[in-house]
Amino acid sequence: MRRECLSCSTGKFLGLLMIFGLACLMLTHTNKAHSVSDGLAKGIGTNEEHKEVTDVGIRFKKLFRRAPRLPPRLSPDEKIIHRNFTGKLNEPNVEEQWKARQQNVKDAFTHAWSGYKKFAMGYDELMPVSRLGVDGLGGLGATVVDALDTAMIMGLDEVVSEAGSWIESHLLDRIRQKGQVNLFETTIRVLGGLLSAYHLSGGDQGMTLAQKGPKPTIYLDIAKNLADRLLSAFTSSPTAIPFSDVVLRDSSAHSAPDGLSSTSEVSTLQLEFNYLSAISGDPKYSTEGMKVLAHLKTLPKTEGLVPIYISPHSGEFSGENIRLGSRGDSYYEYLIKVWLQLRDTQDGNFTYLHDMYEEAMRGVKHMLVQKSIPSELVFVGELPVGPKGYLSPKMDHLVCFLPGTLALGVTKGLTKEKAMKDNLLTFEDLENLKLAEDLTKTCFEMYSVTSTGLAPEIAYFHTKDYFESGLDGGNKSSEYVNDIIIKHADRHNLLRPETVESLFVLYRITQDPKYREWGWHIFESFEKYTKVESGGYSSLDDVTTVPPPKRDKMETFFLGETLKYLYLLFGDSSVIPLDKFVFNTEAHPLPIKSS
């Protein structure tokens, strides 16, 4: 019967009518689904009925669904308008924000200089609370020279004129008349400041950032006079290791009372002496400075790591204390920086410096790097009794130079993007850059864990072998409040630059905006807690209490380094590019001279 029914025209018509009816029924199921849902809300129908009807409707609906509607394509101008309308910052607005923040740093420098000028002009340092000047660095007006190139970079012509005029009128007489100075401190602050000012004011066909102040040759002539007297530390020593102290007025030198020199101090003179030889044409400065590094190359080390003391009498290391904090830090910094300074010159083969640096960084990773408990902050510890002894979980704020140095060693001043595009990075380079980023995070958390948002001079880290309760930084909301331990004797802050230095280098190399944001948080804390209304900024006695007691000292490096690095961090990366300049350990930029 079925075959007969389907073969007749009436049967075919009824079959088509049935298919059409089913199709209409399924098309109307969507509306029915809504009514069933309404019914369920009123207690009518069941979950099973709702599910069955909805599933059928959805399956059929998928067959006939329209293509998704794409958003309209906007022109570049329309995109900007749209982003502004939605409240999101577009790129020009972001840059305007950082220009405004850079201006805030410039204003802070002006405030610091105004206090120094009013109360301490010609002294080494300002005591801002007492409104007095103090000579703690030999009486050479260290703040004037340390701050000069910062003022040039910021375009503060009035400050450049004031500082330059003082240097031209007074500094040479001070050098001729003053007594004992420390070789290292005088080299990095005063000699380095003069050499940077020489270049930035147009000397050596350099940049002309300063429209006012003395001619560049004034800075060079004073630098040569000072360096000639400092050379006595090298020439008086029986070994290649210089004495630590120089008497300027009679160009004599002697060792410290204990007979030793700091390893970092004898190895952190070469950038300055090399550049002075290059611009003066006299090789004696570079020759004496490089003898030190050549000698250090021959001495025994532990995986590239060295003790923090060395004897100028024997030329040998003294003791076994190994650390990257005070007395050890800039030895490692200058290995890579001096190599960067000299690698493109025809003055000799200096690859040994790069080899020493790479060996040392492997030693750091193998022997000194650990993670804290419970949040696994990466830190660099110390070996107080040598490589066979225990690892102390102590980390000076000074160690925060290391992330920037590591990043510089990876890309040689190029951005990470360019270095990777040019296939310049090895697996070890990427490993070192990751360590640099991890350590920068730790250094920033040393700030954010305190009540003031400012770091202590020294921190300890909670490990499986060490913990002391009741010694946190005061910021209970910090994720790392149980990782970082701050002892009572270490809670002071000296306005140090090492963390913002690394933020500056890491931002330049990775272009990650978080480093700018971290720098801004630190600057805001400096403004809030260290500013003295009458002029200047003061170091603090305790960063874990609010308000923090002031220490009544504005170190020269606050103007020479801390504010300079913050200003450059918030500014255009083309200003003092890292592949064309190398910063000495006091943040004085010196040009990398090529053959």
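Just so you know, glycine gets a Cβ as well, placed from its N, Cα and C.
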Discussion item. With the disulphide bonds as TrEMBL has them, who is the partner of CYS400, out of CYS24, CYS443?
Written reply: CYS443
Response to the item:
Candidates GLU185, ASP329, CYS400, CYS443, GLU457 (recorded positions) passing the 10 Å Cα cutoff around GLU498 (active site) are CYS400, CYS443
Practice prompt. From the recorded positions ASP329, CYS400, THR585, pick the residue whose C-alpha lies nearest to the C-alpha of GLU185 (active site, proton donor).
Written response: THR585
Worksheet item: Rounded to a whole number, how many Å is the Cα of CYS400 (disulfide bond) away from the Cα of ASP329 (active site)?
Response: 9
Worksheet item: Can you tell which of the active-site residues (ASP329, GLU457) has the fewest other C-beta atoms within 10 angstroms of its C-beta?
Response: GLU457
Worksheet, complete the sentence: Here the recorded positions are CYS443, GLU457, THR585, and the Cα closest to that of ASP329 (active site) is found at THR585
Worksheet item: Which one, from the active-site residues GLU185, GLU498, has the smallest tally of other C-beta atoms lying within 10 Å of its C-beta?
Response: GLU185
Worksheet item: When you measure from the Cβ of THR585 (Ca(2+) binding site), which residues in the chain that are at least 6 apart have a Cβ under 8 Å away?
Response: ILE188, THR268, SER330, GLU333, TYR334, PHE401
